[in-house]
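Peer 1: Pulled the feature table from TrEMBL, pasting it below:
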DOMAIN    44-287  domain 'Glycosyl hydrolase family 59 catalytic'
ACT_SITE  176  active site, proton donor/acceptor
ACT_SITE  252  active site, nucleophile
DOMAIN    304-350  domain 'Glycosyl hydrolase family 59 catalytic'
DOMAIN    358-473  domain 'Glycosyl hydrolase family 59 central'
DOMAIN    510-684  domain 'Glycosyl hydrolase family 59 C-terminal lectin'
């Protein structure tokens, strides 16, 4: 019979490895199998990354994806752009309209290719947050026409391969929103019909229920879903999910400030998602369970964890600022910070690979903390031990009950074939006080030949050890990047780019609507190249998108500033555009944004409001404005007063404003309508 896992032993002693017992004695070892890839997830959070100059952009990507250098991620999960707000901005769809297909919009394609270039074996996943409005036929619902929505998702997968040679491995349903059982079945049939049988389906990227119960009651649904994905499960799963015998993933987790507390959160859940919930790959790791020589030693329910987000490369004052593995939010200076979660991730990802397996011998330490052990089945072994305290490992969600970690000694005994391992490499991290802080430091090796495979670790609070037979680990580094600098006080963009590498203009961050480079064939002169808002209907939303479109830019600390922009209303009579300053909210809060907004409308009126929604009116009146003509708007904000000009002539002056005191500059439209912008300029007081 197989004998695997822990033996009777003294407290604090852990037996790693497993013997296969026969009448003739033990022979080699038997493994509990759970596959180990690490994954990372992003959604509108890499907006500023694409604007970084070289070599800094490549350096950042190396820290994320290059094997044995930094985080060494094994999986990349991306948003399928759907034109809607998804936390920190909107991402453009490849199909804004029913007969429109463009597989070069946004930066997801670029990011996936850069990840693949560094790690050809990286796994790619896609998940919709929002959908273009035409799929809903005037309803905020993607399941009005199941075939049409399945076709839309299928085209994204096919386009990734056809235009970018990217193979998508997993596809989701609708992030944190309702699933439709029939849609999931239709999607599977659509994928199979297109020869995409290898693409696996994960559902429902929300809670464990009701998807798990639905699968138990519907054999066809059970067959078409490959993975059950839940968000922020707190290292635990539920009975129905286990009963499905499907892979179980924490398909979104972490979302915590990338300080040492965030790093501790990551270190704790990377281990304990597997230990407590049969989940792995927290922040970026997923693990699959199989059997040992045909005998299942643990429930055959693989669990994976995916962390949000990849890199904090968006304006910090947007929701969940700096909740990435590292921080890269200053393309204008080139400054970036390799934060501690990068190195906590490396403790797992650099010393495992997809295809490695967790041993059954995993668990909690007597005085707090946890340990896991993994192998490739070829004799290599990696052990990861964490002692993260409650104070330094509280994630943003869910609630973490108090627990205690104290000084302790843990003895590990390697058995079976592992007892013949002569040496283990040791990597160490200590979080907390700067005076005692270490990040991913290689210590002296452990020599085991004279110890019978036994060694003891002295463990204190907030430590992370990796002990491994692999000698390939490395702490990559580059020369220090440039020093941090605020956004340029004077900034201008004429959008004169004939063949843009990206569809969006640098540093503009769309919060509702989509603003893209546009070639105006009707105007071969000054406004031949412009920036255009391209949505003509509200998308199927994930968040509370505004009723107006808006793209923000600049320094949130700006108070006194002058914003100038040429504008072109395309919609007669009802169309309208604005420029703004001191915009104080974005992301999922954009609907309630305050600021100073200067609007003109095609019906010959203007308005000055203190909010995006237009409820707070400071001034209004008539101006000589119509559609299909270019105008120059200027907004001047100084202290408690603001003024506005149209084509260089004051329209309104010295309107008092008391709130907010600071914020971004912005451009936008009155509704989901076509409009163009050109020769944008902002000058902020020093």
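Placement of Cβ uses the backbone N, Cα and C atoms for every residue, glycine included.
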Peer 1: With the cut-off set at 10 Å between Cβ atoms, which of these active-site residues ends up with the most neighbours? Options: 176, 252.
Peer 2: 252
Peer 1: What's the CA to CA span in angstrom from residue 176 (active site, proton donor/acceptor) over to the residue listed as 'active site, nucleophile'?
Peer 2: 10
Peer 1: If I take every residue in the domain 'Glycosyl hydrolase family 59 catalytic' (304-350) and average their pLDDT values, what number comes out?
Peer 2: 95
